[in-house]
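Marked as active site, proton donor by TrEMBL: Cys114. Feature annotation from TrEMBL assigns FMN binding site to Pro31, Met32, Val33, Gln85, His184, Ala238, Arg239. The domain 'DUS-like FMN-binding' annotation in TrEMBL covers 29-291.
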Amino acid sequence: MIGDIRETKECQLKDPMDLFNSGQVVKICAPMVRYSKLAFRTLVRKYNCDLCYTPMIVAADFVRSAKARDSEFTTNKGDHPLIVQFAAKEAQVLCDAARIICPFADGIDLNCGCPQRWAISEGYGACLINKPELVKDMVRHVWSQIDNPKFSVSIKIRIHEDLKRTVDLCQKAEAAGVSWITVHGRSIEERHQPVHYDAIKIIKQSMSIPIVANGDIKTLKDAENVHHLTEADGIMVARGLLANPAMFAGYEETPFQCIQDWVDIALEHGTPFTCFHHHLMYMMELITSKQEKKVFNVLSSTSAVLDYLNNHYGV
């Protein structure tokens, strides 16, 4: 990681707001536990992804432990614009994390949307949507201690059953100087229920900062439809990009060139086998038969996977 960070210092960090000011819908790779790491970000950037997030990092651990920093965050000079997402519940801890990351990333995002029980019980994630004054304070604190005007501070939220509360939260965050807000159009309790795109549209119409829509976007056509429904400035995709990293380039399923690119990038980055294999399982979901999946999904080494891809697909 240290070599990568030194390399990043020499490169030009980017202003993510330039993307939102371009007049084009910003295409974004979501923060995904285990998956949206450097190698995968490198892949989706090859296929028209404009902005990438890291997986969520617990800010307190990141500040306290060099070991945590080395294991949780890796970047390089091509990995921009890059947003580092933090889980935090104290303003100063988030500030400290932001100051450490500032030379190597283009912005931070405060996770106010993770619905997992462990996160909520620790005071992180989606429970913050019920603490608008704390969110406001955290955003203000970061701005008071970061002197780079191109650095962004964003938040990612879920919605309340009573949408007025969500609009109030967003307006408080806007008043504190938040750069943009990503809205996952479900409440904390909702998992697989339909996404409330109408709610995202109401939030968008209530704000003057960019709003990013998130939730159940699987194809480029979905992204276009959600943009039309919500008028959002950006579209953030998670599982849709796992299944098809070339989605934003207009491919309806993962092209073989993208699989080849993943193999090359993952080997170059020394991606652990489990992560390497899982990404391929996602990418090949739509292009392999049940019988092929049974064989491919139980392969247990990089060499076995490479042999399989070569023998069956010429990759």
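Glycine residues also receive a Cβ, built from the backbone N, Cα and C atoms like all the rest.
What TrEMBL says about a protein is an automatic prediction, not a curated fact.
Since we're looking at a predicted model, the values are computed, not measured.
Listed binding-site residues: His184, Arg239; maximum Cβ neighbour count within 10 Å falls on His184. Looking only at the binding-site residues Val33, Ala238, the densest Cβ neighbourhood within 10 Å occurs at Ala238. Of all the recorded positions listed here (Met32, Cys114), it is Met32 whose C-beta has the fewest other C-beta atoms within 10 angstroms. Across the fold, the C-alpha of Cys114 (active site, proton donor) and the C-alpha of Arg239 (FMN binding site) stand 15 Å from each other.
Its Cβ taken as reference, Pro31 (FMN binding site) is surrounded by 25 other Cβ atoms within 10 Å in the chains shown. Confidence over the domain 'DUS-like FMN-binding' (29-291), given as mean pLDDT on the 0 to 100 scale, stands at 97. Around the Cβ of Gln85 (FMN binding site), 25 further Cβ atoms fall within 10 Å across all displayed protein chains. Comment: FMN site residues Pro31, Met32, Val33, Gln85, His184, Ala238, Arg239; largest CA to CA distance 17 Å, whole number.
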